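Here the structure is laid out as structure tokens; the discussion comes afterwards.
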């Protein structure tokens, strides 16, 4: 069934690791490069990746930002054109202008789904270039409308033609950047909204101030002609300049193309592991989560609080300045907004405290709205106009990120949450512009008061979510201490405890465990008199040997959630006359790492944690707590298995969600070795060493025996839930199907047990 061979455990950890297996479906040249990349050390990969990303950042992101500038400038130009003779020329009055603004979003929302379906069928440069050309032509054709009906028709068409750009741009970026890299690039991309308003004001000021009546054409008509023409020009350029995919980009050499694809393949493995959960199931999970409705309302109201931006030139116009000066006055407002948005997005991501940022920013926007609606003093009102977008636009960027980060698993639930919140949220743009009818000039008191109230509501919803998440976390912590999430579902801790209690008697018979523990002693290199904390100590393989080295003047503490494992460890320690302090506790929660009265408050020189990061619900929070237990310059040594190290575990993880089984591990977050290093850096530690171990064991699986492999696996504690009545038959079928998919036509699959190891130091 499976041939297992133990490789040399004493191989030096610095020895290069060579992957001989091919990536199915790639060319021989690409497979050659992939093998070369896998054999390179992390320092080489990091340097090469930085050089490659610098090239991509300079060519792709600026082009997309320019396209987004044109997209939003063309959409928002109507608000600037109003300062010309547009309403008089088209015989508009009352709320006609508000209708013309809002009707665009009917076309925009209608085209969202079809455009998402088309994105993967046409190469991005052609797809984005053609749609940009079309919306530029539609924008320019606005100059030809003669009445309200014509304007409404053009605005609907503009919404339809602009709709494909945003998802298309995100899709293109995702074809170049890993998920972690994509977050920062999208933040830069979102910054285009403020920049578009800023440049749009400058362009409109120049056109309306200098081209009114030129060649017998009204200034507002020239504005649409010029904006549309600029867009068409850039559209032609984008078709030929914007890159498509790494494999077809001419300004990359063959090695760079292969590396760009290889790094995305590593990053995409997490997505591949989560295909078992259907889109429908993800939608149902979303609808069952009450938090989703709070987020949905918050994002909807947040977009509502920003709809003033489409009428912002008219709002600034109530200060009483001529039209050109009015448009110029909008420029510093949007410049400040752009700077603030970039800064607060960075600080919110850095601190992880989004609710406080949102509450503060929306309070700022509410104050701005209140000032604008309550006084006619020019200085005060202009100050209020600075605050309105500065708070609302910046807060929205954080809310979008918060939605994505609050629905992490499964991924289809996250994507469903994002899609629902975006769709329902953008509906606010349809009616939001009616909050500022021309009849309410100059103070727009009802609209300003209403928008201030909306801002406060969003701030209160953010506060509510802050308490909801705290309550949910406390409930989960209590459930994990007590062993169950609900009446039927074991918690993570309970599941881990059950599995490892059952494995305790046989644990030391596994040759990989023995070899890895010897390596850990070598990697940690404890010296006499040092203090060492061995987390997830298991049967004490590392802790007992470490105590022999540190001697009576040193302290070794072993912590494990499984009492069965600790019983075995204690028995071995007593037999060998070794004094190790044993603690039965969850290594996720540092309050449980309590020593006796004589050793409470002790700090450690070394902390080791072998093969346990995948068992933690929040590795970053755990490592931050561990770091508090280190002395200055103390070290943490830990690891995770490589992506191809445990075929059976990965398959069971991929099918668990589909058949409703909770598993006590989460390996999908570790898509490459750099993820492990990033975890340490995010925890405030300095990475000293990062490497991939030699192969501990090689296992060859025969695809035809998939069901036998499944039947053998479910007899073991780790996978026993998959063998229960009512689950076994469906799980076996899914297991076999997934194994066939991985084999991709090959008769055998080679599994190599290896680990990514990191040594990190406390400053």
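Keep in mind that glycine also has a Cβ here, set from the backbone N, Cα and C atoms.
Heads up, TrEMBL stuff is auto-annotated, nobody curated it.
Copied over from TrEMBL, here are the features:
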REGION    1-22  region 'Disordered'
TRANSMEM  60-77  transmembrane segment
DOMAIN    60-474  domain 'Major facilitator superfamily (MFS) profile'
TRANSMEM  97-119  transmembrane segment
TRANSMEM  126-146  transmembrane segment
TRANSMEM  152-174  transmembrane segment
TRANSMEM  186-208  transmembrane segment
TRANSMEM  220-242  transmembrane segment
TRANSMEM  293-312  transmembrane segment
TRANSMEM  324-344  transmembrane segment
TRANSMEM  356-376  transmembrane segment
TRANSMEM  382-404  transmembrane segment
TRANSMEM  416-436  transmembrane segment
TRANSMEM  448-468  transmembrane segment
Folded-back contacts onto the transmembrane segment (324-344), same chain, C-beta under 8 angstroms, at least six residues removed:
80, 83, 187-188, 190-191, 194-195, 197-198, 201-202, 204-205, 208-209, 312-313, 316-317, 357, 361, 382, 385-386, 389-390, 393-394, 397-398
Proximity of the transmembrane segment (382-404) to the transmembrane segment (448-468), 3+ C-beta pairs under 8 angstroms:
yes
Counting CB pairs under 8 Å, which listed stretch among 126-146, 186-208, 220-242, 356-376, 448-468 touches the transmembrane segment (293-312) the most?
448-468
Selected stretch (most C-beta pairs under 8 A with the transmembrane segment (220-242)) from 126-146, 186-208, 356-376, 416-436, 448-468:
126-146
Out of 126-146, 186-208, 416-436, 448-468, what stretch is closest in contact terms to the transmembrane segment (356-376), meaning most Cβ pairs under 8 angstroms?
448-468
Short question: which residues 6 or more past the ends of the transmembrane segment (126-146) have a Cβ under 8 Å from it?
67, 70-71, 74, 77-78, 90, 118-119, 153-155, 157-158, 161-162, 164-165, 168-169, 172, 217, 221-222, 224-225, 227-232, 234-236, 238-239, 242
